[in-house]
Each structure stands twice: as structure tokens, then as C-alpha cells.
């Protein structure tokens, strides 16, 4: 990549992030009145959750649509799809079949399909379900108002699944905070082409948002009371955000480590997270950020997928189990008590019992706190879909159960070890278990429930952990130093 990588520069060279807030941003403002209802059904990852929120923002600003939980009362219904799991397409068409009745009696409901299944299927969705009005990809959600208008004017279904680089971020309304924690997408796509994965084909190659654009969005959210920023990307630690290209100068590039350092300088931001990472891109610069930036949460999600080098090679992951463990050792040298979660695929084509035992050995060596683990799901069009898969389903399910039981037991022991400790918790709102209590998350992503005044929502508090439950912690606020 041309230009100077910012990771080679000191953090002091970064722009003053707090000064970015007053900069004008050419984005549509919210309408003065509600002109209709919008229903969105979201499947899949946090990127899809983020995209769905942006769809709502775009349609609120341009069409005056207000979100509803009831598709029956909606004027526009959208499904934001995920294609990671098997039979994803069939699930989408089942959903669409249920929505077909919404048009009964001639009601002018707009039905749209977005996300990764839309990218994969395109026109085929309309051919199979001609009552679908819109098909759009993750990179064209900002064009929803234009697509809706074109559908109404022409009477024809509209399909736009192109990959227009990073254009959508220039066309989105200003971000709206919905609580003390917010997601910020910093890049799109993936260029790793793992043999089992559809993401490069559905979301395109890696494209990073410009450095200053990300900082503007974070500053806007901080001004609205956001205290925790979650940086998003399919391969978020491959971030290379251009900056400094004015007057024909060669652009420089900020890596994720420097982006984190700069966000930490923005007033009000007390915690930073990021997901999802790829071990190949887990650099020394990022390890240094964990060492130097206290706002960077004491938690890392780093998908390893398998512990067998033979299977990792077949997956085209680009690293060995030893190299993965080496990165973890470097990280724990600067954050000894960091919690690490991961992704695992069990039963990848050709996985033997010996391969699986190597995965279990890696799990034991690293001590993962949490996992997202699944039996291998064949995705059409990926290289792995051509591999012979002769492991019985019962064997795969037994391996998965054993893997999950091991990690869950370790996670329970970590939770138990937290009893008696004081944890810094961002208060998110009332507890779902007991609305008279508050809830928030610890640094290592554990829900913590505790008595407290609702006025603390949006603040960090120190909570003494008194009990470890199966999926959460209980505690009480430390009165001597309760808020930061």
C-alpha cells in the first residue's frame, strides 16, 4: 500500500479528535414528522445489527419512517440476511412467504431483502418471490430511499447489489446514540478468502473508512452521551484508514492500534472494544495499544477456528496453532488477566479424531473464556464446498458438545474467581430480570446486575461482585468510588 503507515508514527502525530466535532458533515437531517412505519428483521452478526440500525436512520431521515415491532402495521418491511449458516436462503424465502400476506387486499407494502443472501442471490430472489420489491446488498443500503422511489414510480422490483467501495458512509445521516454503548463500522469486506467463508463474495474486498471520518462519528456519538465504542469490521484489525492526502500529498495510513489510541483521546469515551479480528492481522502495534491504552477493554475476540495445523491449512487461515499461541503470549505479557474468546468450526471436511484433539489441546493451553462454535456448514461457491466430508454427523455433534462443555466450564471458573473482586461496569439500563435493579457489562463482557439509582445509567461504576450466576454476575456498588 502506498504512503506512510501511521503505525510507524507516534500517537502524538494524530489529529486532535475533539476538534473534529464542529466540522460540517453533509448528511440529511431527521424529518419533522412521522410519515409511516418500518419493520426490520435482522439475522446474523453484529455488522448486520449495525447495518439494520443504519437502514432505520436512512429511512427515518428521508422517508419519515418510524420503527415498529409489528410487521402487520408497517409500510416497509425489510429482512437483513446472513449467509454464514447452512440453509440460509431457505430461511429467507420462508420469511418472505409469511410476509406475502401483508400485501393482501392491495395494501402498498414495500418488501425488501438486504444483507449477504441478497448479495449472493440477487435477481434470483425476485424470480422466485416476485412480490419482493427491493433487493440490496450491504454496500448499497444507503440507496434505499432511491430504490423505494424507483419501485413506486416504475412498478418494477429494484435490485442493487453492487460494491461501490465505501460510498455508503458518505450518504448516511448523523449517528444517533441509543444508550451509552454504540457500534462504529470502520471497514467493510474481507480479503482473506478462507476456504469455508462467503464474506469476500457477499461483502466484497477489504475497504477501510478514512481515519478522520471514523473520528468524526465517534466524536458525534460521544457528544450524545456514548461512553463505550465498539469498532466493527469483518476483519477489523486489517484497518488501514487513509489521512493526510490534502493538496496532492501522498496519503498516510492509520492502523487499528493508532485509531484506538486516538479515540481514547476523545472526551467522554471510557471504553473501547473491537470485533471481529483475524489472527494474521493481530500486530505488535495492537499489543502495544493493549499495554498503553487503559480504555481498551480487557477482552479480545480472536477466532482461531481449529487447533490442527493440517485443518488450518485446509481452511486457508494462514497461520499455525503455535503462531496463534505466540500472539496470545505477547498479549498476556502486557495484559495478564485478559479474557479471550474465539470461534471454532468442528467437523471441517477431513477432520480426524487426532485433529480434533489438537483443537482441544489448544483450548486447554490458551484457556478461552467464551466461544462461538459450530459444526461445519457447507456454503455453496466456497472452495471447501468441494472437499469430501465423510465424518458422521453424530461424531461432529459429539465433538461440538465436548468442546463447548470444556469452554463453558472454564468460563464458569473465571466467573467464580471474580467473586470478591471489584469490577468496572458501564451501566446500560434496568435489569431484565428485575427492573428495580441496574445492569451493565464488565470489562470481560459479563452481564452484572446490581441495585442502584437509574440516574447512574450511562456512567461507569465500581461494583463489588458478590455472586456468580450461570450467565451473569451479581454485586453491589462500591460507595467510596462509584462513578468515573
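Note that Cβ sites are derived from N, Cα and C of the backbone, with glycine treated the same way.
Record note: among 428-450, 451-473, 428-450 is the stretch given as region 'Disordered' by Swiss-Prot.
Computed over the domain 'TRAM' (416-479), the whole-number mean pLDDT of the model equals 95.
Here the binding-site residues are 82, 190, and the one ringed by the most other CB atoms within 10 angstroms is 190.
The candidate set comprises the binding-site residues 45, 116. Of these, 116 has the most other Cβ atoms within 10 Å.
Close to the recorded [4Fe-4S] cluster 2 site, the chain also has 192, 193, 196, 198, 199, 200, 234, 235: residues not among 190, 194, 197 whose Cβ is within 8 Å of the site's Cβ mean position.
Other residues of the same chain near the [4Fe-4S] cluster 1 site, with their Cβ within 8 Å of the Cβ centroid of 45, 82, 116, are 43, 44, 47, 48, 81, 83, 84, 115, 202.
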